[in-house]
Amino acid sequence: MKFSYFLLLLLSLSNFQNNPVAMLDTIACIENKDTCRLKNCPRLHNVVGTCYEGKGKCCHKN
C-alpha cells in the first residue's frame, strides 16, 4: 500500500512544471523590465517584442 502511494507521488511530481509559460521570449521581456500582455499594450506603451511563445506582446513604457 505504501509503495503505491510512493509511485503516485513520483508520477505527480514528474508531471509538475515550475512555470509552463516562461519561455525564452517571456524571460527576455521580463529581464528588460517590460511587461507581458496577451492583448493590446496599455496607452503610453510601445510593443517591443513578444511573450508566451509569440501569443502575447512585450510592452515597454515610453
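Using N, Cα and C of the backbone, Cβ positions are placed for all residues, glycine too.
Pulled from Swiss-Prot:
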DISULFID  C29-C58  disulfide bond
DISULFID  C36-C51  disulfide bond
DISULFID  C41-C59  disulfide bond
SIGNAL    1-16  signal peptide
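Every protein chain considered, the tally of other Cβ atoms within 10 Å of the Cβ of C59 (disulfide bond) stands at 20. Each of the disulfide-bonded residues C36, C51, C58 was scored by how many other Cβ atoms lie within 10 Å of its Cβ, and the smallest score goes to C36. In this structure, C29 (disulfide bond) is part of a helix by DSSP. In the three-state DSSP classification, C41 (disulfide bond) falls within coil.
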